[in-house]
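Chemist: After the structure tokens below, expect a handful of questions from me.
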């Protein structure tokens with residue numbers, strides 16, 4: 001979307017995933033839940049969409065980094081789930097992709113359907129829940145970023 | 001420098017950021033809907049509440065762009081008032097036009113709000129000039145959106161025989177092109193765009209991952225099975241692979257997107273008033289990418305109508321966001337009649 005700067009498609013070396021998978025996963029879950037709570041607190045996430053997440057469990061898996069974040073939404077707060085990475089319990093919804101795809105999504109450089117069609121993003125579980133989350137994130141009004149191209153010349 | 005008139009560019013907005021992306025990248029108009037089943041993209045968390053609608057109208061109209069509101073599902077038994085209220089609300093908000101499909105609702109809108117500009121939705125499924133002229137004569141419809149099943153020659157025949165402006169699809173996910181009359185979603189799920197505002201609603205869709213492949217099921221029906229490297233499409237019956245006489249293939253329609261860049265000069269020459277981009281369900285990133293490419297192409301056509309060439313960069317940008325990662329001219333260049 002930005003003209004001056006774009007996140008390239010890349011894949012981290014396999015070594016990163018094998019190391020990453022051995023690290024404790026709770027810091028990712030804590031960081032993600034904290035970030036989502038901050039967004040909800042300042043009113044970025046609409047209440048009617050949040051209500052649809054109540055009691056559901058989520059997994060975000062960064063394939064090439066070997067990292068996972070598990071969390072849920074209960075009583076108005078996103079909460080990390082302290083499960084071992086190989087936990088057999090199936091989340092209601094899982095997103096998995098390489099780091100570059102997640103970064104492209106967060107920067108609004110790529111559309112999730114595009115990444116889904118090209119098989120770079122995989123969504124498993126409750127499809128409608130996936131739509132709620134996608135549309136909730138799409139509706140957030142991001143602050144205007146400075147035009148990076150302007151700094152180049 | 002003289003500029004040849006080119007069709008308006010009508011872009012989708014499923015959220016306020018998508019609306020702003022469309023306006024910022026050169027849409028002449030955006031189309032949007034309420035957060036309910038009065039529009040054919042009634043997906044969880046999508047579309048505009050009143051606050052976002054007001055801000056969207058302000059943002060677009062203050063930049064001299066139009067806002068068209070899609071109220072293009074069919075009023076359901078016992079709930080006709082919900083659809084009438086949606087039309088009243090659109091008139092109060094000051095939208096530039098409403099896009100309607102239901103004949104009863106067209107009648108209501110034309111009587112109750114004679115000043116409100118009416119467009120006939122693609123879901124109204126008018127494929128002939130007789131149908132378009134009927135909507136004009138009875139309800140004062142000023143523009144009709146034609147289903148994608150028509151060839152360019154058929155579109156031209158409609159335009160030559162009506163005073164109503166004609167809008168056609170220019171880009172976006174392609175289905176069986178029989179908009180407003182398709183029974184496939186109803187067959188599989190009992191719900192359809194006409195009735196609940198969604199084709200193959202998400203609550204019926206299951207993606208199943210197994211090593212090396214992914215399966216798609218719609219209400220239990222196996223739609224398709226993709227290898228890890230194969231591009232995927234939306235989970236609708238028309239995009240499924242089925243066994244027919246011993247062969248398994250895309251028996252109805254492949255996962256693909258319509259892209260009219262190659263025939264843009266012909267579309268302008270036959271007098272198409274506007275081209276529409278499909279995809280209110282998609283993100284602001286898609287809206288920005290598609291709007292930017294089509295705006296550049298239309299501007300080039302306006303400047304240089306006799307030597308219009310499709311730039312590879314536009315094609316690449318559009319192919320990139322396409323369903324199944326491929327594009328087609330759809331029916332526009334098919335030989336059928």
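Yeah, the Cβs are placed from backbone N, Cα and C, and that goes for glycine too.
Please treat TrEMBL annotations as automatic predictions, because they have not gone through curation.
Pulled these from TrEMBL:
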- B:175, B:182, B:199, B:238: [4Fe-4S] cluster binding site (BINDING)
Chemist: Taking the Cβ of residue B:238 ([4Fe-4S] cluster binding site) as the reference point, list residues of the same chain whose Cβ is under 8 angstroms away and which are at least six residues distant in sequence.
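Modeler: Residue B:238 ([4Fe-4S] cluster binding site) has long-range Cβ partners B:175, B:176, B:182, B:184, B:252, B:253.
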Chemist: For residue B:182 ([4Fe-4S] cluster binding site), which DSSP three-state class applies?
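Modeler: In three-state terms, residue B:182 ([4Fe-4S] cluster binding site) counts as coil.
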Chemist: So of B:175, B:182, which of the binding-site residues has the fewest other Cβ atoms within 10 Å around its own Cβ?
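Modeler: Across B:175, B:182, these binding-site residues, the one with fewest Cβ atoms within 10 Å is B:182.
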Chemist: Return the count of C-beta atoms lying within 10 angstroms of the C-beta of residue B:199 ([4Fe-4S] cluster binding site), excluding that atom itself.
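Modeler: Here the count is 24.
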Chemist: Give me the sequence-ordered set of same-chain residues, not including B:175, B:182, B:199, B:238, with a C-beta within 8 angstroms of the centroid of the [4Fe-4S] cluster site's C-beta atoms.
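Modeler: Surrounding the site, in chain order, are B:176, B:178, B:179, B:184, B:185, B:200, B:236, B:237.
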